[in-house]
Structure formats: structure tokens, C-alpha cells
């Protein structure tokens, strides 16, 4: 079989492909920053109080429950309903637990205690029985309807309040966020029941793995509704992504569609969230202390003091979310901040006329105002920059309109500042403030603390450096370099030509300082202007720091902004910035964005080899080895040109109309293009990875069959080769009917798995029989040749009364090896619904809806027949020529329609298997 035909050159090539795939996988699973999230803690024992729901509802949804989270005395007090707080509903995601509400619920409780329960939140959580809704979409609609009922039940718990809530805030983790968005698609749902939606690591754009049509249809329904009704949706929505640490849901999938007439949606990556600044994995995003603190601060700022509920003002909600999640000015949120501030009191005023100034404050007894006159600076400089290491929330920088060196009132410029991990900074373009005569920096009286304030004026051209990124195919052999050799505090490096997801670079920043000064901190901020996916790197100077540079979201076609590396530097230091292409990270981007399509490319390669075997059986009468046919037939030029040509023709109106007229689905390549995910050579890379996977899976299946046959011979009496090759054995119809009944009454995937095991059993039995036959043959080569001649002599008569020879058995095993490979991928792609069914067996004996049932009804009879099929019985079939021609177009179809819709892949496998089985009868 396959093990005896391993070609060393091919083996070396496939080993090399494994090496490349490993580089990409390493970048996805390990090529990110360490987990910097702090663990959130409880200070009292957590309690989850089950909320009694109507019996009718419990009977309709026996697997689902609703809980109220509490701790200590709060939990005891709220066992007696009704409630008095602000309702927040937590929706867990794929395989998520209702207990994941603990972290944010505990932090909210501590915050309420700090303000003596002037306001407090009641956190509810839904128990979805940890269903695998990311893999099986049949229960998503059911979950959505249950959440609707939960919202109505929650609001009933607040009857009797002075200001009873009329809506709830929802926090949805993973698929829970999608379920929350789906609420709006329900016929009887009132949009006013939700006042705020926060989603964490929710794939909004498309499913991570579209393994059944129900999940794809659910996504289509939700996204189409939100796009078509964007003008009428007034729900403030925040989507938070985990960044590169979250390899389960890539951040690009979490970005809500940005529509010009729907401005109440924000999407941000945790690495860009102020006071968080870390990347989170898919689970830690629900307990990461930095992120949960930011979320709770925002929730408390959203409270309306009059109603003691979350505000109904959309503008305020969006302002609060921008304040806490997008740009924090290092000040407490104010709905209507006072722009004009009084600069009075017993304070010292100090004029500063230099263009670069630094002040170290330590145990200051007096308040000091440092005034920078702008008249002369406007003639020379374009911008002013100030920073302070004092991270309090007081106003610290103002603008004076008076022409004198002192002013009683000033424009509070602190609201324009930006909070960073170690400083708060402000950059002003002077021409935007023509009425200002002075910039005033306020230094308060401090005792026992030390901080530094720096200000400088500069020309934009002197602080902006253009650095084109290196070419994709430089493979890190060439680099681009920029040297910053000055005493400035702030620089912008414009990263030209960066905008595609397939680009990935390694940026090295080396800092050197003159003199023996103490270690100081520099901040390097990667700013992506077309999406909130910024990331920060903090470095001690002097140092050498590597920064990973790659994108979550590609630059839109109509966007002309340039990605920036903002450098908050130290004076009297030199910075050398080197950028070069990172080939492992490019492979990582391929895996990250397209790894889910790999099964389609694997099946496409196997189908090409399968077609080659059928053709060799037709033309030569012998079936060649799977590995040989894979090397010969699995070529990307047999597939990719057709997909590219179809995509090109679909650009013409007449072809698109013809395409739609025959009801063909949308080409997957067009879907990827709409998501800015198509890039050069990706299909070629995936095809090579797919062929490599097909090769190793063939090697594994062949080795498994031989191992199982050896165990068979060790445990049972040696078998013999069958004396005839009848396809229809007496037990075959009965077995087929049993499997079909199992499929109808329980789960289609279970029936497919059982029929697959039956097929493997038949192949193992044949392998054991062949091994026994060979072991019993005499060693004399002359006798072997006579036997071979005798076998060939009876070849024609074998057609009339076929008998299975050793050569025929080997041919059959070669064909069976390929069929096992195809069936293995069908079983793997159907396993999620089987796992879902088995987990919910105590609630539902029959899976409904069942995505695999139609597949099972076609596949089971074909597998049953193929289990008894031998090559000798189909060599003379009139249908063999047709069967050998089908795999090639189907291999193209798998890539064209199955790479983004994996549930379609088994459909392309069934067709050649059915024709193969029919060859026994025609």
C-alpha cells in the first residue's frame, strides 16, 4: 500500500511544507506578548441565585436557565425580590459558562460599595448549557428567543421601584454577542428593551468555522438586518476584540460594519483601550482585570442621576464609550465639561520663552503657572507638545486669550490630552488655535511625590520621518532604517505602503543615551488610523526592543491615511529604527486569516488523486498508489486558474446575470475580496499546505489500517481472501436500513460515523486477509510467476465469475485508502453536530435541526456498497469513465464554493463516491 511507495524527494518536500506550516502555526499560537492581564479577585463567596421562570418557558427550553450573581451580604439581601439596581445581562459564548459573569459582577459590586451603593448594578447570567454554538448553529435561534424571554422576566423583578428600568444592558462574550444582536431580528422584539450592548471577542463579520448552513444563515440574517435597518437602529454597541493573543477569534472578525448613517457602533482592540493596553486571549477577556475595570467605570459614568438607570441619551453613551475605550484625556468623564476654567488664587506665574523646557516638581509648596507666549513661536514652529508624568485627573494645561503674561480665565486644553501608561501628553497644532496668546502649564503643590513636566515647540517636518516598509518578497534579507538623533520628546515615523493583512514586519528600536543618566522610559505606539487596533510598547532606555508589525484589518480602498509609529522619546538620546519583512509572521497571517479554509484544499487534493486512480484503473486496469497519484494529479494549476477565471467573468454583468439565473451561490473568492482578505499567492500556499496535509493523512490512514490488521490477526483466526466479489451480501441491506433509521431518529453525524467505522472494518479485514494470503504463499519465485501467469490467464473469465486475487486485493486496498481519506474529512466536518447532540442527549434524543441528515441519507448507501467493492468488479463498468471525470471539476468546486463554507465540502465528496458505488451495477 501507500507505505511501500514513499518517494524520498517527495517526502523531503512534504517535510519542508510541514516546517513552513509549523512556522505559521507558531506565530498564531505563540508569537504574541505574554499574558499581562491581572487576575480579578472576589472578596466574598460568590452565589448564583436561580431565577424562577414560567413553567411554560422552562418546558420549552429545558436546558436553559437564568441566574442572578451576588456575593456575601448583597446576595443574602437580594434573595428577597424585587430588586432595586440597574439590570445587566451577561450572555456566555461558545461552550461558555454562566459563571463567567463573576469577574465583572464582583468588580461592579466593589465599585458600588465605594460609593455606598448610591448606584449599583444587578448582574444576571444565562446558562446555555455550554452549547457549542460556534460549531453547530442549529440552536442559535433558540438561544435568541430564550434571551428575549429572560429580558422580559428580568424587568418584571423591578416592579415597585420609583424608577423601574424599562431596558437592560447586555454584555455578550463570543457568540453571546451575536445572539444579542440577533434579538433585533425577532418579530415581536422591541428595540427599546436594550439600552447598551457590549460584546467581547464576538465574531460579527462571519463565523470562524462555517461548519453547517444554519450558522451561515443565522449570520446572514443578523448582518443583513443590521445593514438594511441601520437608520432605524439606535442601539449603542461596543465591540471589543482580544488582539493577537486571541487565536480562536481573530480581531478582524469582531469589527462591526462601519456605515455612514450608523454612527452608534464602536469597535476596538484591547491593546488600544486606555488603562488596559494588553492583548487578551479568548477566555481571559472576560476576567482581565484591566479591561473589566474600564468597562465598569464606563457603566457607572453612563448612569443618569435623575432616573438612577443607564441614560437614554445616545450622544452621552457614545461619549462615555469614546472616553473610556478610545481616547482617555486623563480626566474624569463629564457630560458637559467646562471649557473655560478660572486660573485664580495665590499662585506664582512664571513666563517661559524658550522652545524646549523641562521642570522637575518635588515637594512643591506653592502652585505654579508656567506661561508660554505663542507670538514668537508661531513664526517658527507649527506644533506645541507637552507631557506630564503626574497621572492625576486634574486639569493641567490651559490656553490664555489675553495678551499679557497672566490671565484670570483659560481654555482647558486638558480635554485634548491623551493618557498613556507612564505619561499624559498633548500635541497642539498652533494654527488650530489662532486666538490663544499663551499656553499655560499648571504645577500643583505636591508633598512627597515627584513628577516631571516637559514642553517643546517644533515644526511638523522636523518630527515626521517617512519610512517605507520592505517588500513582501524580501524575506527579511533587506531592511529600512531611520535614525532619530535629537533632544526632542515626540516623533512620528510614517510607515509608508503598510495597509494589507498579508504584510508582516519586525521593527527593532535601539536607544542609546549620552551621559550616565538613570534609566528612563520611552513609549512606542503603533497607530493604525483606519481602525482602533493601536498597540503600545514600553521600553527602558537604553535598550533594544523588537515590535511586531501586522494588521487585524486591511486599509479600506478609499482611505489615504498612513500608519504611524509614534515615539515618545527621551531627551539627549539616539533612536535607531529598523524595519524588515518577517517571513514567519507572513505565514502566521496566512494561517490566521485563511487556516479555516484548509480542509477544502485538503479535500480538493484528495479528489484529484482519487480521480487519477479511477482513470488509471480505466486505462491500465490497475489502481496506482495514493501517494503516486497525489504527486501526479494534485497540482494547483488544475484548480486555481478556473477559480480566477470565474471571478474575472463575474465582473461582467451578463455573466453575473447568467450565474444568478442558474442559482449558483456566490463565489467564495468574492466573499474574501469583500472582506479584504484576498492577497497574492494565498491560494497557492493553501493548496501546497492542503496537498501536504493530504499526503500525511494518507500516510497515517495507511499505517493505521496496517496496524489494525496486525491486531486483527493477533486477536482472531487468520482470515482468507474472499472467493467471490459479490457486492450485495445478505447483511448489507439490513445494515444500511439500520444506519438510515439511526440517522432519522437520532443524529445524522452518528450514522455517518458508524458507517465510516463499518467501512474501515471492511478495509482492515481485507488487509488482514491479504497479509494472511501472502504469508501462506511459497517463497519459490518460479511458483509465484506461475501463479501470476495463471491469474492473468483467467482474467477474462474473472469478469464473468470474478474471483479476488492478491493483485486485485492490493488494487482494492489502494482505492480504499483514498476513499478512507475522503470519508475521514467528511466525518471530521460532521463531528461538531455529533458532539452537540451527545452533550444534549439528556434533553433531546433527536437532533433538530440536523445539518447532516440529508448528507447521511446519500452517503450511507454509498459507503455500504463501497465497503464490498473491489477494483476487479468495476474495471469493465460503463460508468467508470464518467466516474473518473467527476473528481476534477469537483476539486475546483470545493475551492470555489467550500473554502468559506466548509459545510459544502462533504457535498462535493458524495458525488464521486456515489458514482463509484454505481459502477458495481452499470
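Keep in mind that glycine also has a Cβ here, set from the backbone N, Cα and C atoms.
Relative to the membrane, Swiss-Prot puts residue 8 on the other side from residue 731. 363 is the residue among 234, 363 that Swiss-Prot describes as N-linked glycosylation site. Long-range contacts of the transmembrane segment (669-689) within the same chain: residues 17, 20-21, 205-206, 252, 472, 500-502, 553-554, 556, 587, 590, 593-594, 597-598, 601, 604-605, 636, 639-640, 643-644, 647, 650, 895-896, 899-900, each at least 6 residues beyond the stretch ends and with a Cβ under 8 Å from a Cβ of the stretch. Taken together, the residues in the topological domain 'Cytoplasmic' (690-694) have a mean pLDDT of 93 on the 0 to 100 scale.
Within the same chain, residues 1-3, 6, 10, 14, 18, 602, 606, 626-627, 630, 760, 763-765, 767-768, 771-772, 813, 817-818, 820-821, 824 sit at least 6 positions outside the transmembrane segment (695-715) and bring their C-beta atoms closer than 8 Å to a C-beta of that stretch. Most Cβ pairs within less than 8 Å of the transmembrane segment (598-618), among stretches 12-32, 642-662, 817-837, 854-874, 895-915, belong to 895-915. Around residue 174 (active site), the C-beta neighbours below 8 angstroms that are at least 6 residues distant in the chain are 92, 93, 94, 96, 134, 200, 201, 202, 203, 249, 282.
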